[in-house]
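**Q** Here's a structure for you.
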Amino acid sequence: MYPTRCVHTISQDDNSVLSLAASDKYLFSGSQSSRIHVWDLQNFSLVTSLVGHRGSVLGLTLSPDQLRLFSCSGDGTIRVWDTETLRCIYLIQSCHDVGDIFSMIYSSTANMLIFGSQNTSIQWYDFTDPQTHGSTGNVPVIPLNPRSSQKSKFFESPSYEDICDEVDRFPAEDDLIKCVIREKNVRSNAHDGYVYCLLHAVDIPNIDGEVILSGSGDGDVKIWSISNSSLKLLNTLHGDTDKGVLSMAISEDGYLFCGVQGGDVQIWDLETNQLIRSMMAHTDDVLAVAIRGSGFVSASADGTIKVWNEEFEFRECMDDHDGIVLSMICSQDYLITGSSDHSIKFWDMPSPAKPIEQFRRTSIVQDAPSSDTLLYVLDKWITMRTVSGSPKCKEECRRGARFLKNVLQQLGAVSRMLPGTAGRNPLVYGRFSARRTSNAGISTSESKIPTVLVYGHYDVIAAQNEKQQWNTDPFTLTGKNGYLYGRGTSDNKGPVLASIFAVYELLKEGLLDVNVIFLVEGEEENGSVGFKEAVNTYKDLFTDVDLILLSNSYWLGEDVPCITYGLRGVIHASITISNTLSDLHSGVEGGAISEPLIDLIHVTGKLVDNNKQVLIPGFYDDVSQVTEYEKKLYDPIVNWLQTSETALSQSRTQHSAITSPTLSDKSRTSGTSSSSSPRTHHHNPNHTCCDKRPNIRPTQQNGPLDKEKLKQELMARWRFPTLSVHKIDVSISNRTIIPRCAKACVSMRIVPDQSIEDIAAKFEEHVRQIFADMHSENDINVEIQSSAEYWLGNPESRYFKAVEKAIQKEWHMEPLYIREGGSIPAVRFLEKFCDAPAVHLPMGQASDQAHLHNERIRLRNLHAGRRIIKSLLQDLSSSNNNMA
């Protein structure tokens, strides 16, 4: 792409260019001298000058059909010009002294002209109201607005004498229609500051129809709806009172860009009404912003024009103007700017890359089968690098969330984005409503319609490919040998879309007899930060939930479907040992001081013994006993492990949740190997049972596949607590330096019926006691950083049985009931919040490589998951009718 370059410059007498508007034929430029210059866009020549205003022309805008030009002025009036005859046809005045009129917009739908002024009011003229129609005759003398004589920061205002001289040269205006705005069309004190800019938009996020956005010197942006020839305030975006809003532009994907005093550009997400970024774009006031391609352009009183890409990153700067850049517009062919240097410049900008298709209003519902549409949508979604916790991917995450919201809307859901905590990714909410009556003909008044909440996440783990471990581009959906490769295909974009399209099919077929709510977060891979707060804020959206459904894990192998009924909880903590000294040389100070790293090694070494037993007093006290029913659930798993080829295959043992020494023994005899789980942040394959766990010590029988031993190994990974030390960081890493600070990251996986508060307190007390017994000269700090509760479902409940039935229908075999050693923070919280049980339905296989290179999902599994959920929802409806 070549850089932006100025291809033509025209001079506007000796006057600053305050405003611009362009039709297909003409460029109109408003001047400080009260004239409007008309330029031919074919040859850049001056056609004529429009006279009539008695003050600086501060704003220009065209009607959509380009037949009318509207101009507003420092003289407190608005004029309407015929763009064919280039004559003024209307003169519009307020019934109040409004001062300067800074901005205006015209709504062709409502046939209204709306303007913002110096007296903080917003007023409108309704061309359809017969009582506001003016009359022809002598134009009244428009007195000079005393406020207009004040010196502007950017240019000299015309003197009173200059204006009087100009009045004498005006042509006759006998056929001019004079109009006065009615009192009812005045919104006094619309802001607490001058109303500098107005913006007209249609169908912005969460608001259908026409809206007006007003920006003011008070720092706020207000959103108004146009209805019944009036304005209604819908929302206020509260900004900084020291940074008045001078200019605005809105992108197709719902971002509002505000140029403000001081040089910043504020970026608001209108989906969530959050200020997501305030950029130090310029060194002086930002007087104009415009959308260009997938990015935006800003112009400033510092004399520069800057171009920004879709990630809001700086791309280039143009400083050809010799003065303040006062105005800027985008025409079909050019970026056009006007300046206090009396020039207008035409810029040829490189063609931007085609923006990602957002499906904001364009329908994605086609005649093709929904399975094909599912893949089409997944292909688009995978390209979005929704990596949570990465500042570089922050805007991409929001685009991914917006994309999902729009897909839900197109498929028939009521959908919106819910803001997360400050600086975090939003949640996506969607609701599909059941049809009015059930299959059994029972009316909604006679039987409560079940409501299912489907939980998932759209964020993904970063796809590092420096070592070229990916065989394909991780952010391009690639099909090969029946599998779909790409980051997020299995975790969790693929299963989320399969669930959505299952509901869509039922809706399309007229068979949706349950309400289905989708709640898809963007911080799951980052600890679900802000999830609880967001759900609590919008609790009214989640009433009367009967079942929580999620699909965020995998089968044990390749050939047998599973149902997950339990997850361990987790406590993340840190231990820091430090002193007030600087980093020291070991050859000088070694042996003379207490070394923080050595102290930390002593402390961590007393957390777990050689038998892998956690040494914290009382750590196992509240661990629930293994019931006979639970033991029986392990029997089919052990039988499968002993007989299935995929249980011992290279791919399965490398990527499944069970990598036991027992299996490794058999793997070695068959020439295969084993390693750890792909969800390494969830699973800890190094812990086995300990002495204090009743009835779980491995048997001493010989044979590589002893059933009891396999059970114990599975329980050690799934249903008993553990403690792991993940890493130790030091203040300086050098083989001759004694670091002044050492920090260990520790996690504890907790299980029923352990309490997070109790275990955290016992952990801190134990660590501090170990350190106190050392009589060290150093200091210690123990911090509990985050936690998540365990979750345990009831496999005997009707909901688990309904899922089992749907799985059997699809795969023609009974699923394995499994637990996982990892944690999903949202599950137990949602159960408590909704007072409803959760069921976890894994869709992917053990070899899906989630979190690793070459992540994939089998196409057959994806479509099977869609059909299973579809069948489940139908069964829940019929079961509810039978109960009724």
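We number each residue from 1, going along the chain as drawn.
Glycine is treated like the rest: Cβ placed from N, Cα and C.
Under the heading repeat 'WD', TrEMBL lists 10-49, 50-91, 208-234, 279-309, 318-349. Marked as domain 'Peptidase M20 dimerisation' by TrEMBL: 566-772. Residues or ranges marked as region 'Disordered' by TrEMBL: 650-704. Annotated compositional bias 'Polar residues' per TrEMBL: 650-664, in sequence order. Sequence annotations record features per position, and here TrEMBL assigns compositional bias 'Low complexity' to 669-678.
Show me how these features fit into the shown structure, please.
**A** Listed by sequence, the residues of this chain that lie at least six past the ends of the repeat 'WD' (10-49) yet keep a Cβ under 8 A from its Cβ atoms are 55-62, 66, 69, 71, 73, 75, 81, 83, 86, 154-158, 162-163, 166, 323-324, 326-329, 331-332, 336-340, 342-344, 346.
Averaged across the repeat 'WD' (208-234), pLDDT in this predicted model comes to 95.
Helix, strand and coil residue tallies for the repeat 'WD' (279-309), in that order: 0 helix, 19 strand, 12 coil [DSSP].
In terms of DSSP secondary structure, the repeat 'WD' (318-349) contains 0 helix, 18 strand, 14 coil.
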**Q** Summarise the repeat 'WD' (50-91) as counts of helix, strand and coil residues per DSSP.
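**A** Taking each residue of the repeat 'WD' (50-91) in turn, the totals are 0 helix, 24 strand, 18 coil.
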**Q** Going by DSSP assignments with H, G and I as helix and E and B as strand, what are the residue counts for the repeat 'WD' (10-49)?
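**A** Computed counts for the repeat 'WD' (10-49) are 0 helix, 24 strand, 16 coil.
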